[in-house]
Amino acid sequence: MAEIRWFWPLVVLALAFRLLLVPFADSLKLGSRPEVATPLTSLRRLAEGYWLKQSSLSPYAGSMYHGSPLLLTMLGPITMKRIQGQPTHLFCSFIFVFVDFLTAMLIRAIGQKLVLKNCKSLKLLDLSKLIESFVCLDAGGVASLIYLWNPFTIVSCVGSCTSPVENFMVVIAIYGACSRIAPLAAFGWVMATHFSLYPVILLIPVILLLGYGPDAPPSKLFLHKNPSATRSSIRIFSWKPVVYFTIWAAIWSCYILLLISIFLKGFDGLSEMLKKTHGFILKVEDLSPNIGVLWYFFAEVFDFFRAFFLILFHVNILFMVLPLAIRLMHRPCFLAFVYITISSMLKSYPSVGDAALYLGLLGLFVNELAEMKFSFFLFCGYIGVSLLSPVMHNLWIWRGTGNANFYFATGLGYACLQTVLVVESVSKMLNYDRILRKQLHTA
Amino acid sequence: MASLDEEKPPAARKSRLIFRLFSFLVSHSNVVSVACLIAGCIVLLLLPVLAKNTYISENALMPGAAKSMFSNQDVLEANKLVRDIYDQRSVEPKSGTYIARLIRKRMEKVGAEVYHHKFKYDNIQFHPLSFFSSTTHSAILQNSSGCVSSGVNSIGIIRAPRGDGKEAIILVTPYNSEDIKLNDALSLGLAYAVFSLISRAVWLAKDIVWLAADSRHGEYAAVASWLKDYHNPVFSSDPWGSGIGSCFETNNLHKKNDSLFDEVAHNVFRRAGTMSAALVLKVMEKNERRERDRLDLLAEASNGQMPNLDLINIVHFLAAHRQGLDVNVGSFNFILKSALIKNLGKVLQALSKLAQSLNPTWKFGVNSGDFVEGTSTLASSMYYQALGVPTGSHGAFRDFQIDAITMELSPRTSFNNENGISSFLLRGGRLIEGVVRSVNNLLEKFHQSFFLYFLTAPDKFISVGVYMIAFALLAAPLPIVAAALFSSTSKATVSRNSDKKVSSSESWKWLYSAKVVFIVHLWGLMISLLPYPISRVPQTTSTNNMLAWIVLSLFSLLVLHLLMGSSRSHSEHCNWELLKSVSITAASVGLCLMSIINFSTAQIGAMLLVPLCLVVRPLNKQPQISLFPKAVYGIFSLLLVMATFPPVTLMILKGFFHGFSSVSMGDFWEFAEFLWVWNSATYLYLMLVHLPCWVLCVHILLHP
């Protein structure tokens, strides 16, 4: 396993670059860009919610704030602290820089676990030749550097939105599951679900990770290698961590709900919170433009079809959960990556923060996906779309010479790019398994 | 290619049609790119032929439906104001505030709400972050500043009897308050006559605002500062108050009471709702004598934005068909005289006749004279759009999404001929009244007609769907050639490594080239910001600034090269085909972005950049041909590279038009300064797309 040269200097440089950008956060106006801050993650809305709370109103009054009450208690007081002549959310930005660092470190740890497991299973299969050629990169280091240096991550970190925290929770869940720490995995999963609802589908990969352990080649191959071994001796689903996980998940969710109900005492309480956060996500109430595709559609659709299409769009994600889980059961980490990508493509309020997460996780599979076609095309596509989107927005909103279709077209292009990315990476991963099998048969 | 196809398994050959089509294009990239280039140039030349007649798209406008009420009585009013201004000028020749006072009195007489707007003229400087966010920078008025560096606009508002005060039509008349000429006075008089007529109109549904802009420091600054204050609420108690008083005080010492009264009443900034259209009115004196009065329309705003075509349509309709004016849009004289274009027009005329004789149902009807005129008009409108600098004070309105044009009226006789001037004023007044009445009918803001178009004549336009074809054909070779180069390198490496184990990083090899391209673009960003510190150094000539800019940018390029690309191992990874492929892709992304921001810049940029990108290849790796074509090819690519370096291009163009003796080092600095003063995106294009691509091309050319 080749270490990356200058890993730590690059990490420090990335953090320094963020700190350099923080003082210019206000003049860059990232916090009001629709690509960066959504109604769910905007820190301006959070500050507004905190203000309402301080004036003993419900923070959800007036459809301004739609995030978690826990974020309000954690970040709310910090949003009030201002220094004259400095950006409004200076301290929050510092926190986000730190959170980004933690996320990157966890991704690195996940990558190291994956690479270790990979080496072990390749040794078991007696494919040391492949180890030389394939496992040549420190996947964790690459992934964490991709995460830290991705412009999307930097923008969402500096642009005063809470998506770094949401990403952190998702990564905690995956890390906890990878290292079989049930309480941690449960905490990450529950918090991530509470923040943005969509990580609820990560339940399957997390359970698979806890049960089977990190990614490995399909168990068929092991059986082929030593037919004498029983099936159970190679890949056992251990129930113990899963049971622990279930218990811990129940404990954490009860605890969080208790905290929230204490926090919202005197207002409408839990039902109001669920309606204003998860209900807001599911019902797609805010139709202000973003880089997703749902706002345009629901702005056009007739009211009496609305419920039908809402169900259709959300079930769209759920439809893909089961087939993918069956096909990629032996690679739960990769399954988690695919789920995150799909949900960030089809979610109601996507932002570049979601793209930052799945692009970072993509780096974990750098050895398996080395033969990816279209990598250059995808790279150019991402650059083109991320530059085109502000221009089209400017044309529509500020110049008035374009219209909503212009901006939506870039959103559509972005969705296509993500589709190509998912399809290509899944097919390459399956291809990798096929290559392994071929090697095994020829050897 | 054929051998590679044979190697493929039969399943792969039966791929989908679109993939086969794409691989066909890629495998014949040379032919395809040359064909596309030629087709693009032909379409560009044919654009004047493809122009369509304009038509009024919005039904509500109904231009010319009502009978004009502007009469000789109003012309007398106009003449009276002109005479008053001239009388007053002989009394107070030095100060310019008497005109503001005079206009205020007239406005009050017709029952308008009047106020003065004092603005400070600040020298615009280079702000690195001010591109695309024009309204953020708001200068704070300082009361201590005198009237020397500031101007006083006079504004009158007629409230519409049938309106709700939420919409307005703006009339703008710029005048030079320090040294008023007869044409400025005439335009003030004309505007006043129309204003007083409209104040009596019963049909008025939108408020009418008359802005007499003090253009001592340029028309644009006066109008832009008023617009900024109109749209940005100011919360301080009375930022204008004391300032304006001090401007009038010096002149009004003998009527102190009067001025005190003025101060209170006329410093409150009043508004009249959203603006649906603005007309900038100017009277010009042209020395040539013609049969008809002349109207010049100027429409180009910042970054190639145009007002809605309907506004130009109604002005043209009323001017040409109702008032019988000779309507013109800007055109280049040198093209009108160019023999090449004339001959091309003749050839096209002959061709169209031939086509008509073959099949009478084909109606091409190309007239060579029309073609030449259309080409020169198109060239001028493309030039002004590409520059990204507004052609007049109407440009300030476009930044707030208001459609505006400048109407330059010039009489057929000299200003001394009173009869001629009277009939000229009558026509002009009727024209403006008609336009105002037409816009007054609007129910929504202008949206029906085009925003993206070129004019080839006042009544002919090319819409975005047509002119995009020329650009698409020009830019199409870039991605095709990039794909061809990319696939050729990947195939080469696959065939080389076929005996070895698959080495994992092959498909990510482009990352090394991408790194080089990224660094060069980063360098482009750095040197585009360099003028900011350089322009802060006081008292330097533009030549010195230019030299400093060149030296600093060369130095930074050297530093970046030493920091990033010094190790030899990289140059092994980085073969020139991949590098060219990545840099061409970057250029095509940049060109496509620019074609959305400012089409004309992208079109002109593509005409320079695309041939360069296609031609360039390492000098010592020419294809296996004999010596002479090789030498010719090398010299040709060198010349192309020389000519497309932005300062050299500018130098050549300047030398071509003004003679090579006038060319100097600082020209490019002045040009760049001109661009960033107006926040033109062309500057960004030059520095972030064109220059990095040029540097990369030079790098490829000198590749070992």
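Glycine is no exception: its Cβ is also placed from the backbone N, Cα and C atoms.
Automated prediction, rather than curation, is the source of TrEMBL annotations.
In TrEMBL, the annotation transmembrane segment applies to A:377-398, one of the ranges A:135-156, A:377-398. Taking pairs at least six residues apart, the transmembrane segment (A:304-326) and the transmembrane segment (A:90-110) share fewer than three Cβ pairs below 8 Å and do not count as touching.
The stretches the transmembrane segment (A:242-264) and the transmembrane segment (A:170-189) are in mutual contact, each linked to the other by at least three Cβ pairs under 8 Å (pairs 6 or more apart in sequence). The transmembrane segment (A:333-349) shares more Cβ pairs under 8 Å with A:195-213 than with any other stretch in the list A:170-189, A:195-213, A:404-427.
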